[in-house]
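**Q** Submitted below is the structure of interest, expressed as structure tokens.
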Amino acid sequence: MEERGSPDGDLARSLEQGPEGPETPIQVVLRVRPMSAAELRRGQQSVLHCSGTRTLQGGPEVAFRFGAVLDAARTQEDVFRACGVRRLGELALRGFSCTVFTFGQTGSGKTYTLTGPPPQGEGVPVPPSLAGIMQRTFAWLLDRVQHLGAPVTLRASYLEIYNEQVRDLLSLGSPRPLPVRWNKTRGFYVEQLRVVEFGSLEALMELLQTGLSRRRNSAHTLNQASSRSHALLTLYISRQTAQQMPSVDPGEPPVGGKLCFVDLAGSEKVAATGSRGELMLEANSINRSLLALGHCISLLLDPQRKQSHIPFRDSKLTKLLADSLGGRGVTLMVACVSPSAQCLPETLSTLRYASRAQRVTTRPQAPKSPVAKQPQRLETEMLQLQEENRRLQFQLDQMDCKASGLSGARVAWAQRNLYGMLQEFMLENERLRKEKSQLQNSRDLAQNEQRILAQQVHALERRLLSACYHHQQGPGLTPPCPCLMAPAPPCHALPPLYSCPCCHICPLCRVPLAHWACLPGEHHLPQVLDPEASGGRPPSARPPPWAPPCSPGSAKCPRERSHSDWTQTRVLAEMLTEEEVVPSAPPLPVRPPKTSPGLRGGAGVPNLAQRLEALRDQIGSSLRRGRSQPPCSEGARSPGQVLPPH
């Protein structure tokens, strides 16, 4: 006799021990429903025999072994106790993801096992003795939460997969298709699914009845209330403790466990159920999703192919059960079969299906909050830093061994190099000191020479003006004092070079002096140095340096002054600005446009030398012309009359 299934062991004991080790197999419980009244009327007999609490005889040569086998005489309370759902609830409170789903042929009692019989009428409650696994789990869970010290938040969602479309059974409006998404943190999830928070058993029962009333049901030959969709009711348990805090990221799911109840639609043969039209389309969709689920289970059984790609995306059902089948959850499968001989082929198919499923293993892991993850992260970082410290210490020891022979030479070389740099800096500092001293001496010499030349220029200018005065007066003539004469208009030509003992008069025109300098462009100094009065000027005839410039278009200024003239005039202007000229100096010249600024300090010494030489030549030529010309008569001019230009 061929025996298939799990090895010997007690299901309750294995569930009470919890998920030990890296992998935990899917727990499978088999329930055989009683013979229906229709089957008894047709005279059909039971072909299944339970030999013990874990073995089912499917024929003379076939036997299947599961975690628990429940015959037709077992009640709903016996099923709840044998399945170990309480242990799953405890794991969910500790943060694990737990799933309970039923599987079997249509009409085998899957919905009855989970939710009990359908209500006989509106407002008529189901008898407590007939309540299914879901109602009993809800009552136990809420009673358990009341005795916990820490606050617990309970929420619920309810959906169905009908013709490969996910519909929300708790939506406020009419159910509409919802998309199934995936991310790294949550895995597969339904977007925009309504999650309702509850705090009492009555509120949760109301949510369950609302979902059951919206679920698609139809009648066919084998079942008068056949479910035409897969239904998933999920309880989210968020328990806050001192070591576990709620998630602060709104994009992540709440930290805590969940308990999911999955009522799969039964597989069916269209020929046996007599489905036509829409019922046949629903049957095809149900069979296709169950086939995808069986294919994923077969691939998960192969150790080599389990590490490869598992096609969970082939169906919406396999997407939502991916975490329960091959992920981080704890899964319980309740296989329901019919004992009738008419359903024996489908019953054997269900038994083989459940036998393969209990060999699938998962890796249960409770999600950790950021606070709970911190010690593990710190420990990992500490190990990495210790490893890096050992590696760097080893490299440092190797470098010390290699550099031990070169340490003495490096120190000596560094000392010699430092001494040489200090010597170079000292020599450079001394050279800069000497250069600075030489530059200061050159500056002082240039300033002294400039001062001497300026004094010589001043003296020569005074001599020039004095010579011009004596030449105009003639020898032996003393002009009368203007104080005894009629008043004359004041002179604006020159500052007072010489003055009368009782008043200040101009030595050239013999009129009282009004101020020190003439206004530019108003009065012109008479020509006293040029004896020629002809129409054309000789090339050597130039106006005195202190004369103001005339307009370029006038007859008195036929040409512009040369650059050398303006250079000499600029030197006189700078001396007047620096207050190095005696009060008897000529008035300030007007600076011509577009003239480069003169050099100051030592740069102006050559110009002063040139001016000194020019003044000497001018004084000599003036004295020679004075000797060659006869003196002018006394009556030729009056004391207040200005000499005409020659």
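Here the Cβ of each residue, glycine as well, is placed from N, Cα and C on the backbone.
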**Q** Of the residues SER6, SER174, give the one that Swiss-Prot describes as phosphoserine.
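**A** Comparing SER6, SER174 with the record, Swiss-Prot tags SER6 as phosphoserine.
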**Q** Looking at phosphoserine as annotated by Swiss-Prot, pick the matching residue from SER14, SER46, SER247.
**A** SER14
**Q** Swiss-Prot annotation phosphoserine: which of SER551, SER638 has it?
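**A** My reading of Swiss-Prot gives SER638.
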**Q** Which residues does LYS110 (ATP binding site) neighbour through Cβ under 8 Å, counting only same-chain ones at least six apart?
**A** THR102, PHE103, GLY104, SER227, ASP263, LEU264, GLY266, VAL334, CYS336
**Q** Taking the binding-site residues one at a time (GLN105, SER108), which has its Cβ surrounded by the most other Cβ atoms within 10 Å?
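**A** Counting every other Cβ within 10 Å of each candidate, the maximum falls on SER108.
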**Q** Which entry in the list of binding-site residues, GLY104, GLY107, GLY109, has its Cβ near the fewest other Cβ atoms, using 10 Å as the limit?
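**A** Ranked by other Cβ atoms within 10 Å, the binding-site residues GLY104, GLY107, GLY109 bottom out at GLY109.
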**Q** DSSP on GLY104 (ATP binding site), three-state: which is it?
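**A** The three-state answer is strand.
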**Q** Mean pLDDT over the domain 'Kinesin motor' (25-360): what is the value?
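**A** The predicted confidence over the domain 'Kinesin motor' (25-360), as a mean pLDDT, is 85.
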**Q** To test your reading of the ATP site: which residues beyond GLY104, GLN105, THR106, GLY107, SER108, GLY109, LYS110, THR111, same chain only, put their Cβ within 8 Å of the Cβ centroid of those residues?
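**A** Once GLY104, GLN105, THR106, GLY107, SER108, GLY109, LYS110, THR111 are set aside, the remaining close residues are ARG33, THR102, ASN223, GLY266, CYS336, SER338.
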